[in-house]
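Right, one structure below, let's go through it.
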């Protein structure tokens, strides 16, 4: 048996991911040591309550409530506490103490990423966060490294498993949003308070992180335009189905050029959108995640897998840990964040996409002409129009698909429609994303 | 404008990938310099004939026929010549001279990988080869780094675009193999001599590379069991379609355990197989590639994109180049190949999978009993059996689906069938891979 030197690892947080990381470190120590050339010694697990029950059986002597002391005893710190504080202060303390850091904390990165990266760069510490987006799916490293010689043009991500499960269930069973959410809760896919998921906040954090890496630009989560799935109805999904689409909550990161000034900029946004059934993202079912990347040279790429789950996400954490540990063994600092391009953000009003707009109209002559005029006035070009009259209610519903138009023009159009006397319902809009080649 | 130090890059080979690498290096120099913190200076392109025409317009003064001199003038050497010699000698010369190396040469790696890795490790040189498998798809780096803390259990890869195009076309249009191959040739997807693709040799090289990385074991290409698609008929594809399957040429790498000794081992094999239409790999159309990875903690992952093409593959080469160049800038050696586990190879006869076996039988009493006996004798358990009688020819065809059985038992069964007087045609076998969960 080979004798290895050891690297001390301190774990902050022991929830569903943390407990699996600890378990795997203890169970597969020998195999990891062979791959790294050093033994990983889990020296402690900092938690708020050492008596709380855990998802995995772990030696009680590892637990401590003194995170700062644990940091000072660690070569590598794994932060899996979640939330902003005390996670932010502890990660900064770990970096300042000379430790390298692995984190899966998307909220922290989306809000304080630049501060953490700067702190790490200053002391030459490594800071890795593969687990922050897409759970088990390797997406951070491919974006940072594999595509480092290419130009990412666009990312379309299904990055929230809860909402994908809900929308997929609505699509396959015809369930209402409420029933699908209840099913997600029963399966443990949705939390007691599902706001972070169904409100699109979780996806927005991931969009901020993906856009930052892809465009070498700091994109704060507050700059991400966000709509959740709370307004999506089973009627919309049914209608999308008939038209050959599926509704997905997309995190979209895009490189754009101002047509007037030629200035490059970026957009990051989250909203439910229609995706054609022939698009690879349409085949992402259940609570799975997938990130579809379009790069100038590589063309379209897709990364698919489990977007959440304790043991799945632990795989991403351990991948980061092994990479950092190898660097300890062979020497040299980690790869710093690439020098930032700092492109400006395009506001949502400047984004151009296609739309599917539906609303009820009064069943009287001249209605279509009036509606068409609203579109023409705001320079939104209609691609197709479908009017259906319900036999039961006698209501006439219009579904209008547009060519590409600017968000601001679309907003003006829908405002005019909503204010018009010929429109007898609210006006609902779904964007259409992801061309099928 | 920032002044950067420069790194000298020498390019060996200027075919469809090499010419795009050179073009992108010349066109995006400024952007790459920002990301790397150093300027990439393309100092020369070694080719056999400096007057040959190229896919991209490149400065003639860069071309040279003296590859060895170019190597001595380069900090980083990109080898895109293909083939074994002189590529092998030149890569070894580059490593010996102190240069780092990027290569996309799958034949070289599949045959001489261990020699090259050992040479690189000895002098602390970096050797990267993302472009060798899956074209633009980041798969080597995710396997080597992102999954370094996990245990890869199985890889199912659609890694040859030509054969995927052919099989997809046979599936969607009902074309014969010959017609689909002709279409692939017309589109430039197949070469004048398509043997490397349709014979499965290209896929076998990639299987050897993937298995080596995934299992930390040197898997020579000669140890990869290989069947091409030359025997696949449109009748088989039609029959597969009716049963809910699609035929794909799969590169399969698997971690196995001997049930008797408990000894771990690996298998690498390439053959056309039935994949259920609900499996993510079934949705890989045209000349695209995808690699489906099952890891113990991460669960199923899939990496999808363009598996070939000059500019697409150039993206992977440039990703490797940027990673290596960054390491030059920040110091320290590259990450060495992980210490090898060197698991033994399981021969094909020891592999267990499911099978779909079809053959014609004489239309006489007792035939089914005779056939069933051959399966029972060799302990191959029948899961389903379908007999169809052609109205035109009057021929009775049996299609038998089996439970999991060992290849050697299956081979004995088919040999017995083929020798039997009740079987009136050749016996064709397709394996069934990729469980749909």
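Glycine too: its Cβ is placed from the backbone N, Cα and C atoms.
In the three-state DSSP reading, residue B:206 (active site, proton donor) counts as helix. Here TrEMBL flags B:206 as active site, proton donor.
Annotation source TrEMBL lists NADP(+) binding site at B:12, B:13, B:14, B:15, B:16, B:17, B:18, B:19. For the recorded site, residue B:17 (NADP(+) binding site), the DSSP three-state label reads helix. The Cβ of residue B:17 (NADP(+) binding site) has B:80, B:104, B:131, B:310, B:313, B:314, B:317 as same-chain neighbours under 8 Å, each 6 or more residues away in sequence.
The NADPH binding site feature in TrEMBL is assigned to B:106. Under the DSSP three-state reduction, residue B:106 (NADPH binding site) is assigned to helix. Remark: residue B:106 (NADPH binding site) has B:132, B:133, B:202, B:205, B:206, B:209 as non-local neighbours, by Cβ distance under 8 Å and separation of at least 6 in sequence.
If you look up TrEMBL, you'll see B:191 marked as L-homoserine binding site. According to DSSP, residue B:191 (L-homoserine binding site) sits in a coil region rather than a helix or strand. Within 10 Å of the C-beta atom of residue B:191 (L-homoserine binding site) sit 12 other C-beta atoms, taking all shown protein chains into account.
Per TrEMBL, the feature domain 'ACT' maps to B:356-434.
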**Q.** Most Cβ neighbours inside 10 Å, all chains, among the binding-site residues B:13, B:15, B:18
**A.** B:18
Q | residue B:191 (L-homoserine binding site) and residue B:18 (NADP(+) binding site), distance between Cα atoms, whole Å | A | 18
Q: Select one residue from B:16, B:19: among these binding-site residues, choose the one with the most other Cβ atoms within 10 Å of its Cβ.
A: B:19
Q. To test your reading of the NADP(+) site: which residues beyond B:12, B:13, B:14, B:15, B:16, B:17, B:18, B:19, same chain only, put their Cβ within 8 Å of the Cβ centroid of those residues?
A. B:11, B:20, B:21, B:22, B:80, B:81, B:310
Q.
Looking at the domain 'ACT' (B:356-434) alone, can you tell me the average pLDDT?
A. 90
Q: Give the distance between the Cα atoms of residue B:14 (NADP(+) binding site) and residue B:191 (L-homoserine binding site), rounded to the nearest whole Å.
A: 18
**Q.** Distant-in-sequence Cβ neighbours of residue B:12 (NADP(+) binding site), under 8 Å, six or more positions away
**A.** B:18, B:45, B:46, B:67, B:70, B:71, B:77, B:78, B:79, B:80, B:81, B:87, B:90
**Q.** Within the domain 'ACT' (B:356-434), residues counted as helix, strand or coil by DSSP
**A.** 24 helix, 30 strand, 25 coil
(Q) What whole-number Å value do you get for the CA-CA distance of residue B:191 (L-homoserine binding site) and residue B:15 (NADP(+) binding site)? (A) 14
